[in-house]
Amino acid sequence: MTIEIISTNRVSNNATYQRIKHVSKSTKTDMIFGLFLPSNYEKDDASKMLTPVLYWLSGLTCDDTNFAIKAGPTAFEEAEKQGIALVMPDTSPRGENVPNVDSYDLGVGAGFYINATSPPYDDHYHMYTYITEELPQLLEAEFSLGCDNLKSICGHSMGGHGALSIALKQNEGQWASVSAFSPICNPTDCPWGKKAFEAYFGSVEKGKEHDATVLLSQQKEQVYDEILIEQGSDDQFLAEQLKPEALEKAAQSVGQTLKINRRDGYDHSYYFISSFIKDHLAFHGKRLTKKKRQLLVKKSSADQYGFSETQGKVITCKAMVARAPKQPLEHETITVDPPKAGEVRVKVIANALCHTDVYTLDGLDPEGLFPCILGHEAGCIVESVGAGVTSVVPGDHVVPCYTPQCCEASCIFCQSPKTNLCPAIRSTQGQGVMPDGTIRFKDSNGKPIYHFMGCSTFSEYTVVAEISCAKISKEMPLDEACLFGCGVSTGLGAVWNTCKMEINSSVAVFGLGAVGLAVVQGAKMAGASRIIAVDVNSSKFDDAISLGATDTVNPKDLPEGTSVQSHIVGMTKWGCDYTFDCTGNVEVMRSALECAHRGWGTSCVIGVAASGHEISTRPFQLVTGRVWKGTAFGGFKSRRDVPLLVERSLTGEIPVKHFISHKFYDVDKTNDAIDALHSGNCLRAVVKY
């Protein structure tokens, strides 16, 4: 199918809005539609196939541009946030040979999303087929959008009628959700609908096949979990043309959940649409995301990757090998041995870069061994398991955790609610080997390559101990799940587990990388009344504020001779109830302690300092009631708690997408991700393999 891109505009972050023309077989004319593509679309074929799409059907007199021009700035921002594409088709065929009348509610601009059967309209006015068949086929073929019916529909006025009638006619999974603004709910009983159906079908009676109220009343059961309608109370067409009460009555008769938001003072215009379009995009985003996750579960079986062919055999794959400190990683072909007893071999799908990886690569880790394969924040699929492994099977989705959980009754650490520091494999993990003291990686010359933190996820395949595998829901995208492997969990857990922060507490967070922002997010969720965000890079403050920070402090902006701790004490009179260091800088750790509240303040060390560095303060700081403590993995017991965090993320309680500031594709782009992490404007760089 030949398409012509008329124009392309950059909008909302790195998203794009295009106008596209093609020859339509349905209408026998050229048709133009608008297409918004979110920034996560233009990366690889895999992401395109799972980019959801929302159809927007416009109202009388509109063309493909009205929505983009009048509601686009608001809509595109939310669509970008939700990661969904928007398609905005024209409202009718156009052209010299297209029949038209001198009336705004019939002919050009008023196609009513039906297939006309009466002349002179029957040759071109086939908008129903265009919207339900031709355009979906084009979007799937040319843009990989709407695959597996990963699509929803919404519209305004005549377009609201189109959205409702189409979704109710195609109600067997073709659409994930439907909503409308000021829709013509009962067109066979209103002037607009009667006029259109008489002209296009030859009778109003035939229009019942496209009347949402009639279609809904014919359903035998609820067909959508909810239908959302937005209606302004000052809409000049409300009583005579729109008739939402008729649709409401039909919904009640068949048990269909219908939510009509009646908005006081709003009319029929695009001002109304712009005011509430974010709510509708979030409504569709939630349902499209759920359907996307269901598709991922369906697609992610062990056989999808041919695991049955590799189990029990040595796997040859690509990896990024750290050959020496302060040197770029080497893209190499390596071999990965099958898992031994108590071990699991996994295929790494996505890996997030953590400062701990860079810390080791820079030679600052006393346990750092070379050559090694770094990486410890990943989302993976189990390829095979060794003898005795019972908690996971091939095809399971897992997050490898550098803090294991053996769960043995004899392990006083696993049995204690006070800690998550299971020592079962700590000694071998620090030596860069598996629990039995051997290595599973070899380079192309057959020489061994050390493991790292029990994970080594800068490789397409890796082997980890069973007690390091947190089995998670397959509904969670692995490029988001990986964030729970270290930084995000650590920040949240420092607040919830290590400090057990009370509601209405005051908080200071030093360092606004991913861990620091996770602390801000966790503190907000825990009910903190004041959150002071501290960083020497003021560009990070907007992110902190969006997650709940109430105050920001850049130590560089303070008067000469004023310490940041004295400034914060001055802001709060006695200091903060809880302070968190997320920098790994021992001087900052001291600052965090010394602005903790006199008498009861707690300061938590999260950042990892370079080897050989020591913390210091005057003993009087502790004598006067301050507590200094640290946290590893936020106190979470990995195999028990990571799956629970993922479930809370799936429900929307713990959103994590905002942490992903950079995305790269293929393992060989890991050095680019490291460069991004060094840039100062990167929270988490995720590499999809």
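Using N, Cα and C of the backbone, Cβ positions are placed for all residues, glycine too.
Here TrEMBL flags Ser157 (among others) as active site, charge relay system. A simple way to gauge crowding: the CB of Ser157 (active site, charge relay system) has 25 other CB atoms within 10 angstroms, across all the protein chains here.
Look at TrEMBL and you will find Asp235 (among others) tagged as active site, charge relay system. Applying an 8 A CB threshold to same-chain residues 6+ apart, the list for Asp235 (active site, charge relay system) reads Ser182, Leu242, Tyr266, Asp267, His268, Phe272.
Under the heading active site, charge relay system, TrEMBL lists His268 (among others).
With DSSP classes pooled into helix, strand and coil, the tally for the domain 'Alcohol dehydrogenase-like N-terminal' (341-473) is 19 helix, 38 strand, 76 coil. The domain 'Alcohol dehydrogenase-like N-terminal' feature in TrEMBL is assigned to 341-473.
As annotated by TrEMBL, domain 'Alcohol dehydrogenase-like C-terminal' applies to 514-643.
The helix, strand and coil residue counts that DSSP assigns across the domain 'Alcohol dehydrogenase-like C-terminal' (514-643) are 57 helix, 22 strand, 51 coil. Neighbour density for His268 (active site, charge relay system): within 10 A of its CB lie 21 other CB atoms from the protein chains shown.
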